[in-house]
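Participant: What follows is a single structure, and I will ask about it in a moment.
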Amino acid sequence: MSLFLSYRAHGSRAWLGAAARGFLRWEAQADGCTRARVSTALASTAHVSTAQLSSCLPRNRPTGLVHQKGSIASQLASKAHRRTGCRTFFSRIITDYIQLPPNYRDAQGLEFSRKQLSQEQVYKIFGKELDAVQANRLLRIMHGRRVAGTLQDPVLAVHTKQYTKEQMDKALAYLRETVYVPEIINAGLRAEDELADIQDIMADKEEQRIQRAKEKAEAGDQEDDAPVITRRKKEDYEEFYKPDPIYGPSKLDEIRARNVARARALQRIKAEKEKQTQAQSEAAQKKEAKAQALVKAQEEKRKITNPKIAKYEKQAQSKLEAPPAMRTWERILPSATVVALVLGFAAAVGAVYEEPGPRYRLIPNVSTANATVGCIVAINALVLLAWRVPQLWRFLNRWMIFIVATPRPVTLFTAIFSHQRLGHMLINMTVLSLIGPRLHDDVGRANFVALYLASGSIGFLGALTVYTLKGMLNVTSMGASAAALGVTAAYFWHHRLDGFKIMELPPGEGVHGIIFLAVMLALHLGSLKSWMRRKLDVVSHRAGMAAGILAMALLELGRRGGGGASTSPARQGGAVASPMQAS
């Protein structure tokens, strides 16, 4: 019966849809079934999402439409007549797309049953998650989407955002068991309607574009017929057109004169554009030439004129044209092994080392803390001077620089004492001179040296790991930044609960050491690329600070486990460590 009731003014498309629905129902009756399940996965393939077709709205969603010629709202009025009266005589439940009423809204849905479900029925379907009102509303919305072919439409998810996906799946499964709806056919018909709407809109736009072009052409013809008002066009017009003194003005001559004047105006515009383009090109060439000249001048300025020094520089350069092919573990594992062995030996020495008495020291008047830090500063100063000797460049390039492309395990320790610029060394040694003696008094000479080496070597090992994994094999690094930052981080971690003041400020307990440590870490935030543009090895800085904190934590744990003193300052070499205060 529904086959003949559905065949009306829809043409071949509606007849095919109705025929398919009749066939499906006949097949269900032949199998002795009154229920049929339709896969939503197939419906999603036939459905064209309105999120992808943002230029139009489906005809069965007349919300927020502006009534204009050729719009979807105007088509709804014509479609409403043929949709009314399509329901069957025996049920008011709508199951076909062509039966959708014009006032259908997704938020309201469609009736799925003659009466609402009771609370007991809701418990059987959803459990105790929903009450009867919420469950019936969800079922109405899901049934409406099955009929409207919008089960997979993400735009409509706002109406069911208060329900979980599991609840929606349960509602959909219940509806498919109780109410037969040809979801595939409905989704296909909806997709056809949306495509037809798009074609209508595109046709209207094309018609409007053609109409505007015609109006513009007519306006241009009228403008050509009007008198020429610009001075240049008027001069060209008067130059090529002079009325015959005997026969009077000629229309053909006037048209010819206007065409010539227009051509001349276009030539002038084209010439001006070419002139501007040429000027911009010349300016860009001058700017590029200036930049190249500056680069060349800098290269000439850096160029070594002394042939003997140039010879030493050439000998110090590597003959490798590209980084050697090595696996990741081959580049990292040897250095990591050497670092572990050296630091293990240093920790063992620190466990048994005892401070020498004043009579056994070379300079007894200088505290052990200042002597140790002074030796480290002196070694860095000597290496800085060595970089000023051309004969040592080859040795220094090989053994005093940390290179990711050709890593040598020993350079993870020697590069800690290597600086090429005086400013770089002064910054690192100043930090070490301020914090180093205080940490030395807290942990002792052997532990301080072990912590200094651990911070620097683990910092470079972290840089080697990160740069190797990222494929940045052209990176080279040197300096005591990681070691100095590791010493500073270890000191503030050791005194994380102590207050620090500068010139008796701030009042009260002062600023806790953990705050200074947090500031240090915050200063090293940011992306790796931004730090690399500033030529700063931030990876080694971060790894060095982490190594210093970890080493200090292990020392504190060892003291507590060995029954030693707590984290209070310890007297060593006649000096007492205390929170930093400046008068």
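Cβ atoms are placed via backbone N, Cα and C, with glycine included.
Keep in mind it's a predicted model, so treat the numbers as computed, not measured.
Heads up, here are the entries from TrEMBL:
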COILED    262-301  coiled coil
DOMAIN    410-554  domain 'Peptidase S54 rhomboid'
REGION    564-583  region 'Disordered'
TRANSMEM  332-353  transmembrane segment
TRANSMEM  365-387  transmembrane segment
TRANSMEM  399-419  transmembrane segment
TRANSMEM  449-468  transmembrane segment
TRANSMEM  475-493  transmembrane segment
TRANSMEM  513-532  transmembrane segment
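Tell me about the setting of these features in this model.
Facilitator: If one looks beyond the transmembrane segment (332-353) by at least 6 residues along the same chain, the residues whose Cβ comes under 8 Å of a Cβ in the stretch are 407-410, 412-413, 444-447, 449-450, 453-454, 457-458, 461, 464-465, 468.
Long-range neighbours of the transmembrane segment (399-419) within the same chain, counting only residues 6 or more positions beyond its ends whose Cβ lies under 8 Å from a Cβ of the stretch, are 318, 320, 323-324, 331-332, 334-335, 337-339, 342, 376, 379-380, 383-384, 387, 425, 428, 452-453, 456-457, 460-461, 463-464, 467-468, 472-480, 482-483.
With a cut-off of 8 Å between Cβ atoms, the residues of this chain six or more beyond the transmembrane segment (449-468) that come close are 328, 331-332, 335-336, 339, 342-343, 346-347, 349-350, 372, 376, 402, 404, 407, 411-413, 415-416, 436, 439, 443, 475, 477, 480-483, 485-487, 489-490, 528, 537, 539-548, 551-552, 555.
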Participant: Could you give me three numbers for the domain 'Peptidase S54 rhomboid' (410-554), the DSSP helix, strand and coil residue counts?
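Facilitator: Helix (H, G, I), strand (E, B), coil: 102 helix, 9 strand, 34 coil.
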